[in-house]
Amino acid sequence: MTKLEDHLEGIINIFHQYSVRVGHFDTLNKRELKQLITKELPKTLQNTKDQPTIDKIFQDLDADKDGAVSFEEFVVLVSRVLKTAHIDIHKE
């Protein structure tokens with residue numbers, strides 16, 4: 001497997017590590033999303049310990065408004081984080 005393929009698989013595995021805890025095995029509820037963000041992206045996403053911030057992120061990601069974040073919706077967060085990281089790298 002290439003380095004990129006390995007990282008892609010890692011993103012999928014991290015999602016599944018949190019999505020299988022409660023409810024549907026392939027979606028994140030608000031609590032699971034908060035746990036994933038605070039444990040896996042603590043330096044990347046600021047102010048994620050306060051509930052209003054988590055509520056806003058969840059609301060933005062839950063495109064179909066079903067009360068859960070699917071993998072497809074989670075990829076939007078990953079994409080935003082990658083774009084920001086890319087911009088930040090060029091600032092250094």
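Even glycines carry a Cβ here, placed using N, Cα and C.
Here the structure is a predicted model, which means the values were calculated and not measured.
Copied from Swiss-Prot, the annotated features are:
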type	residues	note
DOMAIN	13-48	domain 'EF-hand 1'
BINDING	His16, Asp26, His86, His90	Zn(2+) binding site
BINDING	His16, Asp26, His86, His90	Cu cation binding site
BINDING	Ser19, His24, Thr27, Glu32	Ca(2+) 1 binding site
DOMAIN	49-84	domain 'EF-hand 2'
BINDING	Asp62, Asp64, Asp66, Glu73	Ca(2+) 2 binding site
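On the structure: features taken from Swiss-Prot.
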| residue | record | contacts (Cβ under 8 Å, 6+ apart) |
| --- | --- | --- |
| His16 | Zn(2+) binding site | Phe25, Asp26 |
| Ser19 | Ca(2+) 1 binding site | Phe25, Asp26, Thr27, Leu28, Glu32, Phe71 |
| His24 | Ca(2+) 1 binding site | Ala68 |
| Asp62 | Ca(2+) 2 binding site | Ala68, Val69, Glu73 |
| Asp64 | Ca(2+) 2 binding site | Ser70, Glu73 |
| Asp66 | Ca(2+) 2 binding site | none |
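Non-local neighbours of the domain 'EF-hand 1' (13-48) in the same chain are 54-55, 57-58, 61, 67-71, 74, 81, 84-85; each lies 6+ residues outside the stretch with a CB under 8 Å from one of its CB atoms. When Cβ neighbours within 10 Å are tallied across all protein chains shown, the highest count among the binding-site residues Asp26, Glu73 belongs to Glu73. Counting Cβ atoms from all protein chains shown, Thr27 (Ca(2+) 1 binding site) has 21 others lying within 10 Å of its own Cβ.
Per DSSP, the domain 'EF-hand 1' (13-48) is made up of 18 helix, 2 strand, 16 coil. All protein chains considered, the CB of Glu32 (Ca(2+) 1 binding site) has 20 other CB atoms within 10 Å. Across all of the domain 'EF-hand 2' (49-84), the predicted model scores a mean pLDDT of 94. Within 8 Å of the centroid defined by the CB atoms of Asp62, Asp64, Asp66, Glu73, the record's Ca(2+) 2 site, lie the Cβ atoms of Leu61, Ala63, Lys65, Gly67, Ala68, Val69, Ser70, excluding the listed residues themselves.
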